[in-house]
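According to TrEMBL, the protein has these features:
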DOMAIN    1-198  domain 'DHFR'
ACT_SITE  393  active site
């Protein structure tokens, strides 16, 4: 979901820029003109010779008004508004107004997506980025319940036509099945054009419900002291962490040895409430681990692209794994959980009965020998590290059974933890794993204890985390 780094696009794709211009410049009828809404930083990032974007009304959101926007005064194709609502009102007053597009940056996308105004997202999926690619701006998650993902087609939805049946448009577009893959001749990056079309019956109910709930859901440190553990650690690292270099060249603030504890009782799931976490990605990746898969293509087919970079041709080659098929990650997490010690061949081989099935062993001990102090599962196999696309970060976990309460708890050790992006995902994943193991062993979930070695904040994530630290947590959801 990364879309930017230090105010710039992380890639240069002329084909994507042409696509952007064509889509945003083509009005629903010749007598109309489209509008593009953007934040001030996005406006500033456009070279002055290209401002305003031609053939479109440019609307810039700035709390300071016109004074805060360079080049805005005296141009009939530039409007300035202090809020999204004001921008929409200004556009409605224009008789020649066509289709409105939101074009960034990250915070503006968040505002638009949560407003319920967005009916469609024109999305470019870039594949094969280097593993060390850095992002500090992100597009919000889109869940399958609310959005249909279809290949982009030339005949597109007129989002201003109230009589348009978008569900039928989505159905028609699905006939294409697979989006056409483009290859940039200079960088070799692959990309595809997609459409996310909102299911109107879902968003109407969701918008109505969320509006009512906003006023009633309690917030604050006393409501969720467990999430405050995470926020306090992030704050401590930002204020007191050691500045260190790293393999990406970005730099981090870091502390060594931190721990958090989350209660899973009463079906509680510690899904952080002060930021978005890709829950569907958490669940699908965990099921993928559990079945021992090492094939990143299986996740990509479900529109989960968290392993695409590490499974790309370029990245595998950089690791000396030229013989590997694209998407073959080697003996990573799931393989070690289910076949520790087996000889790895490729992602297609049948490993039934090979190696140690650590997950099955843990489940057996939790049921039959609950006071065993060796109920452990390790993804860290030194003999296999060079064969992996990426050595494991969450590398070891231990289970503990309180027989008096019939509860099973889990402690996980993570050698390296990106506090801003990775840790919320990791917390949710191991909490879900503990719930699943409790379920299949006939026990209840107790605690998840998260122990971290190198807990770090990337220097380019500091501002985003400071913003998150201002938010008040709500109670965790229930499974």
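Even glycines carry a Cβ here, placed using N, Cα and C.
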Q | Per DSSP, three-state class assigned to residue 393 (active site) | A | coil
Q | Cβ-Cβ distance under 8 Å to residue 393 (active site), same chain, at least six residues away | A | 414, 415, 416, 417, 422, 426
**Q.** Overall pLDDT of the domain 'DHFR' (1-198), taken as the mean
**A.** 81
